[in-house]
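**Student:** One structure, as structure tokens, below. Some questions next.
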Amino acid sequence: MNVFIGGAWPYANGSLHLGHIASLLPGDILARYFRLKGEKVLYVSGSDCHGTPIALRAKREGESPRIIAERYHQEFKKTFTKLGFSYDNYTKTDNPFHHQVVQSIIKKLFEKGYIYKKQTKQLYCSKCQQFLPDRYVEGICPVCGKVVRGDQCDYCSSLIEPTDLEEKRCKICGSSPVIKNTEHFYLALSEFSDELKRLLDNNRGWRDNAIKLSTRYIEEGLQDRAITRDLNWGVSIPFEGYEEKRIYVWIDAVLGYLSASKEWSRHTGEPWQNFWSEDTKTYYVHGKDNIPFHTLILPALLRGAGIKQIPEKIVSSEYLTIEGKKLSTSRNWAVWLPDMLKNYQPDSIRYFLIINGPEKKDSNFSWEEFIHSHNGELLGAYGNFVNRTLVFIEKYYNGLIPDGKLNEKIKEKIETLYHRVGNKIEKTNLKNALEVIFNFVREANKYFDSEEPWITVKEDKGTCKDTIYTCVQIIANLTNLLSPFLPFSSKKVRGFLNIDKPDWKYIEVLPATKLEKVEILFPRINKNLIKEEREKLGVN
């Protein structure tokens, strides 16, 4: 089976924060899991280097957009690597090959009549002497009345035209813009209404928020969307006479999944088409603000271009708040990953964002809960079980796994876990999958306690060997089951047990296997850091 996983492309206009990672992490877990099963996986993403957020930052800093985008692209790559993201290709939109792929799709759609030119009205700032694309404008949402940018409302999820905003103002100078005529290229999205409705009706793996929002758009009637902007930064429209126009960043970005796949193919020699056919298992992983671009825009572009892949699974996470408040990068109300990774283990971050993440509803990050989950679950449950078992072997068996008899009921339980957890992962019920594993970890600790090996090692040596041998097999299989979620600590424990690589099936470590140097898996985090971290944020 071929499995394609596309992770949303973060804007390269600032550092990655926990909100980004909360929505993107499911992609890495899926990729690691399917590889363990032996499936062929292509997992791609990249930095979105175009669009108004980067152009605006560049203007503020007096730099070129390319310098800003490249700075954060390089930082993103380092951050994702430190967090254990296992992309097969992490690329960027500021890439000549990507430009070629996007332009070729645009030409094909234009030739087929799915893209057309149209005179339209657009906001123009007389003071700045330029047209104002979407994010260059701020105003009142005509649907819900909140202050929003000119392309999309994050409050009611409406797609907006800048001219529809009330109390409009230019984000560069603050003045009120006027309306001028201009010409743009449009995607005939309305032509795909019936096909997109069928796609929605036949979905079997979209999250509820994706189904509800996409249904709303289709029932309200799909509107043709402008696919160009008056900018000097981005992918050029491939037609003469329109040199000042660039392709809308979200058309550009979602076609990045295709260009990243083709780029991967060029580097590896593997055919990209294997992951873009109708029978490919696909997962698109992103936040709920990106839903319409993945459930409506992307399928329309692919269908129009004659590409048969469909978004089978839409993994659209809800929002993450920080200490009970909405995350805001402009107010620096965020937890930035480059800073967090200096002080905390990547597996601690990964664990928290799955077990407490915004999988199906908004969730909250607090420093108190984060440190509690590390000390209570990773250290207190999992780390404790691994440490107490392996230290016992070092103390009483000279570091050699004893020749004991495996508890058959526990073996059956482990074998069942592979199927049960795998099924939940494939359905993207990741929180529940991890809960099931940690429930088993707690059962393993109870088993150790009830068997009392510290007593039987003196009074019933055979029973003690059976207990410890069984505990070793529990640990060995936990390294497999937890590998998609906690890759760093799983690798470390495999090193303790001399296990070569993970697998998604029951394994046993042989008696007399020599333990490598056993270390503490998760050091305790000082609770005083809760206050320090909250003060850094500015929490009273």
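Here, residue 1 is simply the first one shown, and the rest follow in order.
Keep in mind that glycine also has a Cβ here, set from the backbone N, Cα and C atoms.
What you see is a predicted model, and the numbers here were worked out from it, not measured in a lab.
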**Student:** So which range, 10-20, 76-86, 274-284, 483-493, gets flagged motif ''HIGH' region' in Swiss-Prot?
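**Tutor:** It is 10-20 that Swiss-Prot annotates as motif ''HIGH' region'.
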**Student:** In Swiss-Prot, which of 326-330, 346-350, 371-375 is tagged motif ''KMSKS' region'?
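**Tutor:** Comparing 326-330, 346-350, 371-375 with Swiss-Prot, motif ''KMSKS' region' matches 326-330.
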**Student:** From the DSSP assignment alone, can you count helix, strand and coil residues within the motif ''KMSKS' region' (326-330)?
**Tutor:** 0 helix, 2 strand, 3 coil
**Student:** Under 8 Å Cβ-Cβ from THR329 (ATP binding site), six or more apart in the same chain: what's there?
**Tutor:** GLY14, HIS17
**Student:** Once CYS141, CYS144, CYS153, CYS156 are set aside, which residues in the chain still have Cβ within 8 Å of the Cβ centroid of the Zn(2+) site?
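**Tutor:** The surrounding set, listed in chain order, is PRO142, VAL143, GLY145, LYS146, VAL148, ASP154, TYR155, SER157, SER158, ILE160.
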**Student:** From the DSSP assignment alone, can you count helix, strand and coil residues within the motif ''HIGH' region' (10-20)?
**Tutor:** 3 helix, 2 strand, 6 coil
**Student:** A 10 Å Cβ contact count, applied to the binding-site residues CYS141, CYS144: which residue has the minimum?
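**Tutor:** Relative to the other binding-site residues in CYS141, CYS144, CYS144 has the fewest Cβ atoms within 10 Å.
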